[in-house]
C-alpha cells in the first residue's frame, strides 16, 4: 500500500528507524558480550574461592561476590543503553517538534530587550512589541516590516495591548504612566515565506552578546513615528508594569510597582478605582474577554481576582499557591485562570474553587508572561532559560519550540501571545535578545500527537 506521507517526512522516518535498528543491534551484541563476561567472572570467583579456602566456598559467599560483580556490569549495561537510546529519542522528538512548530518570521528593530508582544484584534491585524529602549513598534506580521514607532514614553515600555474594536494601543511604562495612542497603518504586500523547516537543528548553544540581532541597521528608523499620546493615565507613584482594556474598551486597568492597580475611564482619563491589597510590587494585570473581571499578579506570591460586574461594589478574591513572584495570571474560556511564577510552576485554577489548583505544571526554569490559546486551550510558557514550551490545560506537555544556533531566542524569553485566526503565524514570542519571533504551530498535528 502506497504511503500517504510526504516523501521528506517518510525519508526522515526511515532514517530514524534505521538508526534505532542499528543502535539496538549494537546493544544486543554488547549485551551478549557482557553476559559472557559475567559467566567467566563467576567461574573465576568459584576457582579463587577454592584456592583460598582449600575447600568450596559456601553458596552464600559465592552468591555475594558474584552478585556484586554482576550488579556492576548490569549498571554498565543500563548506562550504555540509556546513553544510546536517549540520543535516538532526542532526535525523534526534535524532528517531530520541528515538523509541528516552525519559525516563520523574525521581527528585528528594537535596540534593547522586548518585554511584551501583542496582536491587534481589529483589521488590519498587526503585531505590537514593547521594549526597554523606550519605544513600542507595530509590525507587518507577514513581511516583518516595521509600520509604526511610538516614542511618547520616557522610560522602558513594559507592555502593549490593542483596543478590542478601534485602532488604539495601550502601553505601560517605567515613566509611571500608561499611554493610549491611535495608529493608522497600511499593510505592505507580503513576500513568499522561506521554508523554515530547513533551518538548523536542535543543538543547544551558548550565545554571547555578539550573536544577538544587529540593530545598527535600525528597521524602525524609516517608519512613521507617533510622538505623543491621545491620553496619558497618571496616578501611579512607581513603574507601571502592565495595562489592559476592560471588555468594551471604555475602561482600562494598570498594574504598578507602587503595589496598586488603577481602573480608569478611557475617555476622560479619570481614576475610577485604586485597587489596594497586594503586599509587594505588582507584575502584571489581565482582563476577562467577555466579563468585567480583572486579575492582578504580584511579587507577594499571590494573584487577586477583582470583580466589577456589579457597579455598586467590587469584590476581591486572593489566590495563594505559589512560593515566589507570580509573573502573570491570565483568563481562559469558562471559569479558569492560569498563573505562572518564578517558582518554576504554572497552575490552572477554577474560579469557583480558590483553595487549590486543578492542575500544576512543574518546569526547570522561571516562567514569564504566559498566554493561552483560548480555542484550543494550549498554554505557551516563556522561560528564563530561553525555552518556550506548550502544555495543555491538564498539564500534559505538547511540544517545545525549536531553538538552535540559527533560530529561536538567544536570551530570556519574556512573553508569548497567540493569534488563533492568523493563517501564517499563530504564536509570537519576544525576548531580551531584542527580537520577536512569529511561529506556525500545527495545532491539529500537535493535539494528534498528544
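Cβ coordinates are placed from backbone N, Cα and C, and glycine is handled just like the others.
In TrEMBL, annotation is done automatically, which means it is predicted and not curated.
Matching 123-156, 157-190, 191-224 against TrEMBL, the residues noted as region 'Disordered' span 191-224. Per-residue pLDDT, averaged across the repeat 'WD' (319-359), gives 93.
Helix, strand and coil counts under DSSP for the repeat 'WD' (275-316) come to 0 helix, 21 strand, 21 coil. Distant neighbours of the repeat 'WD' (275-316): 238, 241-247, 253-263, 322-331, 337, 339, 341, 343, 351, 369, 374; these residues of the same chain sit at least 6 beyond its ends, with a Cβ under 8 Å from one of its Cβ atoms. Proximity of distant same-chain residues to the repeat 'WD' (233-274), defined by a Cβ-Cβ separation under 8 Å and at least 6 residues beyond the stretch ends, is recorded for 116, 155-156, 158-159, 161, 163-166, 168, 170-174, 176-180, 280-292, 294, 296-298, 306, 308, 314.
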